[in-house]
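This report refers to the structure that appears directly beneath it.
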């Protein structure tokens, strides 16, 4: 029954990008933002997660983060590499968004894989995830740069992906509504970028 | 028989991507033809056809291209002109930068030179049932009346001439990708808007919910920018996205409203 399933895989890809992956990103960056209030505020906020029983946290992590993210990421790479970018010939705004969406998507697979290795896997191996850990990571200016680019790629990919979600599910049909959705999602991009970058700079 | 027209020295420079057969390698050839006022790309190609000699004086084969109506309604003469896919009949030499670079629309199999095989578009129209079924064993009489305002926007969709420009412009349509492309999708919206066509609209929606269908659109919106007839292709795609969202739920949960 693998025939004629592509429509559903694509729709699932679109849905998972917003719920839960997109929602998780907003939650994640908001939690990080507590670092702007200092080391104690950040450790207290992240410490709240430790109150959740370990087995439940694992289930939530797999169901809400890893499985949807893995599907969205791997299927997204397939989508990205079936395209033939042509911004040289068609340098319109939307065509640039199309290319940047695919470029950030592929970059995010690499960035997120590294980020998970550097934090979550280290935690599983016995390290403690706290303010000090992030402080040590971003003490390296190259790593700080890598994280800032990663955060901006993620916020852009979410904001523009939300625009595409609205089209793909048939919510924004008219050119006018699509244009207004562009403005709203770009404002969203700026706002969550500020939250995300302010958070990472708080560890410097 | 060269009738010198006042400005004899003016010429039109062209560079054409030549290819002898499907799948063979291609090469650029340069041509220079005398300028005439009001020339279009096809008239320049016709001069080359009469005397197939390159700008360097080398004898070559006549350049092959497709054309038919010469008034931008048949869709046959599409090619990539200075990087943009468009009709060679309605593209005027005066409005182009020289040398004029002509290439085939390589999203389709190249038959020879500028001639391409657009069969995949016609097959796609069959796949999505882009017609209104009225055949029966007895006279079905008149169909339901179409609201005038609906007729007006549906008329815009009916201007599609299957020229393939949107297919060439789309980054998700290629010989190696399965995406059906913008033109046949918009035809689904057209025939589903027709009161009699709507009686089989679930069949068309289910057809574009197959592999390589509607969901493979990546929203680059190049199609609507490139369409020579100004068809609102991306609005059609978004409208179909909504219709298939509803259809998806109807298919799964069941519905008595498949065709209304």
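Quick reminder: no glycine exception, Cβ is built from N, Cα and C everywhere.
Unlike curated entries, TrEMBL annotations are predicted automatically.
Per TrEMBL, these features apply:
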type	residues	note
TRANSMEM	A:12-35	transmembrane segment
BINDING	A:28, A:72, A:115, A:157	heme binding site
TRANSMEM	A:55-81	transmembrane segment
TRANSMEM	A:93-117	transmembrane segment
TRANSMEM	A:144-168	transmembrane segment
TRANSMEM	A:180-203	transmembrane segment
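Overlay of TrEMBL feature records on the structure.
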{"residue": "A:28", "record": "heme binding site", "DSSP class": "helix"}
{"residue": "A:72", "record": "heme binding site", "DSSP class": "helix"}
{"residue": "A:115", "record": "heme binding site", "DSSP class": "helix"}
{"residue": "A:157", "record": "heme binding site", "DSSP class": "helix"}
Residue A:28 (heme binding site), number of other Cβ atoms within 10 Å: 14
Residue among binding-site residues A:72, A:115, A:157 with least C-beta crowding, 10 angstrom cut-off: A:115
Listed stretch, out of A:12-35, A:93-117, A:180-203, that has the most CB pairs under 8 angstroms to the transmembrane segment (A:55-81): A:12-35
Spatial neighbours of the transmembrane segment (A:180-203) far in sequence, C-beta under 8 Å, 6+ residues away: 25-26, 29-30, 32-33, 35-36, 42, 131, 134-135, 137-138, 144, 147-148, 151-152, 154-156, 158-160, 162-163, 166-167, 172
Non-local residues, at least 6 beyond the ends, that sit with Cβ under 8 Å of the transmembrane segment (A:93-117): 69, 73-74, 76-77, 79-80, 83, 85-87, 146-147, 149-150, 153-154, 156-157, 160-161, 163-164
Additional residues around heme, ordered along the sequence, whose Cβ is within 8 Å of the centroid of A:28, A:72, A:115, A:157: A:21, A:24, A:25, A:69, A:108, A:112, A:154, A:158
